[in-house]
Amino acid sequence: MALSFSLLMAVLVLSYKSICSLGCDLPQTHSLGNRRALILLGQMGRISPFSCLKDRHDFRIPQEEFDGNQFQKAQAISVLHEMIQQTFNLFSTEDSSAAWEQSLLEKFSTELYQQLNDLEACVIQEVGVEETPLMNEDSILAVRKYFQRITLYLIERKYSPCAWEVVRAEIMRSLSFSTNLQKRLRRKD
């Protein structure tokens, strides 16, 4: 209950902040937020990754969706938004609450939510400029399938501590891909 109230308050504050700010400064704000999220996710580890080597799994991250050379800025921003949205959803479950230290989980969720707000403003701004709906749908579907594989893995492993550790490492990897995509976008601007 405390997590829900804290998260609700954070959502309200962050929503107000995003409504008051105009424009799309994606490269700077999102990149910093991504780094903070990576640091928090790194701090969330509870068990040694070496004790979970037998639980490793290839989730087949859709690397081509993080290749900023393949598509327009609007599509890249949509992919980043979907990746952060799916990460937020994954770490907002009851099973996730049981797996992680609550204050770190709240900070991580708040950071993701802020990134979602920043990205939503950019999606609205960029999609009006560049229309690539079919490519966007394919890219977003690839990201959703990736997170579906992660969720199925957690279910199959009964949300064990090692399963969550493997997923935590995988999400760190996907956030790193996201950071690299942002660097490429910055170079294009």
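Placement of Cβ uses the backbone N, Cα and C atoms for every residue, glycine included.
Positions annotated as signal peptide by Swiss-Prot, on the basis of experimental evidence: 1-23.
The disulfide bond feature in Swiss-Prot is assigned to CYS24-CYS122 (among others); the stated evidence is similarity to another entry.
In the three-state DSSP reading, CYS162 (disulfide bond) counts as helix. As annotated by Swiss-Prot, disulfide bond applies to CYS52-CYS162 (among others), with the evidence given as similarity to another entry.
Each of the disulfide-bonded residues CYS52, CYS122, CYS162 was assessed for Cβ neighbours inside 10 Å, and the highest tally belongs to CYS122.
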